Amino acid sequence: MGYGQSARPRVDGLVRSRLQCSPAARVSWTGPRGVRSNAVHAMLVAVPAPVAQDVERDLSATAAGRACRVLRVEAASEPLPEGLLVLWDHGGPLEAVKARCQWMHARRQPSRTWLVVLTSRDGADAEALVEAGADECVAPPGTRWGPRLAALLRRSADEDALALRRTRDMLQGALDAMPEPLFIKNREHRFVMTNSAFCRLLGVTAEALRNQSSYAIVPTHEAELSWRQDERAFTTGQTVEDEVTFTDLKGRSFEVLTQRAAYTLPDGERFLVGLVRDVTERTRLETQRRLAERMTSVGTLAAGVAHEINNPLSYVTSNLAYLWERVAQPVVPVEQLEELRQVVAEALEGAGRVRSIVRDLRTFSRAEEERHGPVDVQRAVDGALKLMRDEVQHRARLTCELEPVAAVHGNEGRLGQVVTHLLMNALQAFGDRPVEENALRLRVRPGREGHVLIEVEDNGQGMAMDVRQRIFDPFFTTRAPRGGTGLGLSICLTLVHAMGGHIEVASELGQGSLFRVELPALAGQAEAAIPPADAAPVAAATSDAPPQATRATRNLRRLLLIDDEPAVGSAVSRLLRNLYEVHVIQDAREALRRLSHGEKFDAILCDLMMPGMSGMDFLVELERLAPELAPRTGLMTGGVNPQAREFVGRRAKELLEKPFERDQLCTFVETLMQ
């Protein structure tokens with residue numbers, strides 16, 4: 001008995017259609033917990049005992065020595081097993097049998113359970129059972145079911161293998177279509193699949209890579225790093241990213257960025273997928289970009305650094321000239337020895353300042369960028385402050401709060417560059433406002449456990465949300481008309497990330513900005529204040545000394561000297577005191593007060609770049625207060641910024657540039673007197 005001849009082609013056609021199109025029609029024979037085995041498993045539902053015995057006997061014989069597990073039940077229950085699900089059609093109403101097929105079909109494991117109905121129905125009824133979810137209808141008693149069911153197994157296995165090959169080909173095609181190198185490794189860290197781009201990067205074939213570990217294709221130290229990163233992805237379950245130097249089999253080196261992520265199959269087997277990007281060119285361009293920006297920063301600092309160097313040089317050279325005159329005398333009076341000691345002390349202090357500035361500038365601009373180690377945060381910040389001192393003191397009122405903190409891992413020059421960029425950015429936020437309105441705060445303090453915080457806060461113009469969201473983008477700038485490059489904060493972000501930290505900004509339009517850098521502290525580092533670097537060998541004259549006139553004599557013309565550097569005032573006064581009655585003042589506002597009280601001077605020599613009130617501001621006020629003195633007022637400086645240069649040019653003023661020779665100084669002052 002069997003299907004009717006007219007129904008067989010239609011039913012077989014439906015079965016073939018389901019085998020080709022439906023995942024549920026592909027059998028995957030597995031054992032307990034999804035582990036593949038050679039066992040043939042079957043559940044017989046409501047199959048009469050004699051028939052069940054025949055089926056079990058035939059299946060065991062067909063299994064050819066493999067284990068065969070057959071389960072007999074009266075009614076199927078969840079969960080349905082994997083393997084053969086055999087339903088006996090007892091000849092009742094067709095709708096009842098269809099309902100049982102539909103129930104089992106809906107609850108079976110797709111691609112792992114094969115639903116077979118043992119029935120005497122044929123034609124349209126058999127077709128209806130297939131439509132209800134049966135994968136096959138088998139003839140009733142009288143036929144040997146073992147060979148028939150075994151044939152189903154073989155056909156299913158063939159279809160399964162074909163589907164598996166097709167799926168693998170589709171996956172390989174998708175991977176090869178990706179332009180980025182990709183690889184898949186098993187839990188033993190061996191390659192199981194790669195794409196064409198990955199093979200091109202390594203210069204080997206996919207066959208040569210299959211089942212190999214990284215040790216077979218890259219140097220040992222690179223393979224060990226790859227192994228550690230793979231294991232980290234497997235154990236943490238997180239995406240792991242690293243950027244390393246990679247050497248192929250031909251000895252060529254690349255900078256590559258690799259992202260790894262682990263995943264688990266339903267049967268518990270674990271794999272890892274990796275995405276590789278060749279960032280050699282990007283790394284080279286970033287290095288050039290950082291160097292260009294660093295040199296731009298050095299250029300921006302040039303005027304301030306020149307001022308910081310030329311100021312001490314001016315009193316070093318002046319004091320040495322004075323000392324030369326004194327020691328040229330046959331006999332040096334005893335009462336002058338103390339003064340000569342002070343002259344030498346000031347010269348030594350000035351030389352120490354120059355040495356310190358040169359050291360800080362070298363730290364900032366040197367090319368040894370990849371040398372990393374413990375970094376004293378306070379020393380790096382102090383070096384940046386020294387470089388920015390002149391620029392800051394003429395643009396804002398600076399408050400520093402430097403608490404003892406632990407060391408961090410990184411590069412001192414890099415960290416100093418970060419602080420310098422943040423200070424520059426804050427100064428630019430003030431625009432053209434008066435110095436008195438600009439407040440700048442730099443703070444170093446311990447952060448959350450195991451971290452160090454560096455904060456730069458200003459009360460400048462602040463940022464709107466759209467600007468704040470792009471502030472770290474390369475080449476984004478709101479100062480393009482004024483020469484902004486848009487690289488400073490982008491480089492800050494890159495450098496901070498390279499040290500394992502992060503940077504954040506809080507800002508509202510019109511309310512200023514706060515930039516916060518958080519860096520991981522080195523483990524086991526105690527918080528300690530930094531000892532002073534390059535301390536001067538001898539203490540210099542203090543700035544609290546009251547203004548004094550030198551050799552007040554009625555026959556000498558009166559010169560008012562204004563300079564915020566006490567040592568400069570002392571040195572210039574010594575050189576000129578035999579020619580003029582020199583009055584030294586360190587604050588331009590104090591000079592205006594004395595002039596407003598009627599004090600008379602024949603000429604004024606004023607430093608151009610001073611904190612509080614600059615020489616430019618002093619001259620503007622002097623033209624209002626004592627216009628007759630303005631033509632007899634000269635300016636001296638160790639360095640000028642573009643704004644100061646434009647001011648001097650507009651007023652046709654001559655500048656006495658530090659450091660100067662004694663003859664230059666005397667000629668300049670005498671010209672003012674006349």
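Residue numbering: from 1, along the chain as shown.
Any Cβ shown, glycine's included, is placed from N, Cα and C.
In TrEMBL, annotation is done automatically, which means it is predicted and not curated.
Now, the feature entries from TrEMBL:
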- 167-213: domain 'PAS' (DOMAIN)
- 304-523: domain 'Histidine kinase' (DOMAIN)
- 558-673: domain 'Response regulatory' (DOMAIN)
- Asp607: 4-aspartylphosphate (MOD_RES)
Secondary structure content, the domain 'PAS' (167-213) (per DSSP, counts of residues): 22 helix, 9 strand, 16 coil
Distant-in-sequence Cβ neighbours of the residue listed as '4-aspartylphosphate', under 8 Å, six or more positions away: Ile562, Asp563, Asp564, Glu565, Val568, Gly615, Leu635, Met636, Thr637
Tally of residues which DSSP labels helix, strand or coil - the domain 'Response regulatory' (558-673): 55 helix, 24 strand, 37 coil
PLDDT averaged over the residues of the domain 'Response regulatory' (558-673): 87
